[in-house]
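These notes concern the structure reproduced below.
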């Protein structure tokens, strides 16, 4: 299969703003792809060489080295390449223009590159894999030579998307949900197969692997798919409510209640003597927690399992729980063993999804928890999450206050009926989080996605000083604008913000972004931030839950303030539009709705 086919589709996808058209075009590409390498094609579409959970190195080519590779491949002076880049701000476009210039001047033949040669997907994939995996002395020069070799063979369009791929900036607007829908259309006979494909992906979060199974064994093979140790399961997510009475009613009157810890959610896999740890974003974080690997090996029983818990920093003297920020300090230390001594951790387990070749995601919570408790040996490091079973509001409140007093964020209330399965990759009412109220009319913070930026005035003139934020709508796989946040940032954070956003800047609005407001720059929906505000109000300026509460208006957060970045969350883990609506419906209503704020000021 020629790489040119993918490049031509990428070129079309880049210009589309409709998700339906995006999905249809992507399905067309998948259906025309070589089935023998369908997994590689899917990874390339995702902008990666392999799934994140494998923990393999990224390509590791910076702008300086890309410029050198383009210079070598196009026989152009490095300064000229750099000046052109400064002028247009897109290295992919720089490569395309310089390759086009080569073609028009006939220099390709002089360089010994035949225009009849075609770049194959296999060659691109294997060469870029070498680039990523090459380490040691002389590795940078080898990476540059390998990349320059590909660019020499590439036509202008191929060169553009090769460079963007290496940069990690494909800019074609494709999310995992779009790929899933496209796979269902291309291989499953239509949109009706989406649920089957999505379930398989939730159990094995590897789109390339799922695509390979479909083309080799058919869509029916996905129906019997089980979790596999080493491939993370997409985590089950909770809804949120701030009223204990309503929570208990929602879960049927009785529930299992766990502490909600202020730590890092972790999915732990074991097979024989191999142990893997994955973050909630499904990244392999095993190397960050050699102490946890040791604890799991020593204090759990079973040859093969997938369990879930929270890694929490604890005080080395008292054993009391520390905050999430303390855990982040540990991650920033270069000497991991020094970090283990300074920031020790405990693991609080709360679920079991797979054990000895049996899929437990389809079994009730009480069955899963009972088995989980049976495989943990008594010890001081790996424990079952603090929990009780409640059937009245008083006990729920009492346990909630106890969790807060001991350093927790609140509690997780979990349904315990026969239908209380593990809903991989889904957010539902089987789990509901109850967190402490903040000193604000909003009962909780929200996690929102950055979709655009606005330049400041005065001393911040010409620099980004505020952000357009969006909530995630899982029904449409889009990000709907909900506020413009300008407060809560330190000067240092604003300077860092400028750099972060310029790296993901887009020429046009991302096809998954739904916004009436026009920021000064559009960006890829990549970064998630925790935001607090005064209240949620009706606004004609924003698209979150548009036409749901009031015609031609959406919901917005009044007086939003930045709290912190949520690097542990993917954009799809952000607060959903339904959650924003739920928070709006639950907050005390004023007799007259507050007028919308002019956010253009």
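Every residue, even glycine, has its Cβ placed from backbone N, Cα and C.
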Of the candidates 280, 322, the one that Swiss-Prot places in the ATP site of 258, 265, 310, 350, 427, 433:
280
Count the other Cβ atoms sitting within 10 Å of the Cβ of residue 258 (ATP binding site), across every protein chain shown.
25
Other CB atoms within 10 A, centred on residue 427 (ATP binding site)
19
Reported as an integer number of Å, what is the Cα distance between residue 433 (ATP binding site) and residue 260 (active site, N6-AMP-lysine intermediate)?
8
Looking only at 258, 265, 280, 310, 350, 427, 433, which the record lists for ATP, tell me the maximum pairwise CA distance in angstrom.
18
Cα-Cα, whole number of Å: residue 427 (ATP binding site) versus residue 260 (active site, N6-AMP-lysine intermediate)?
16
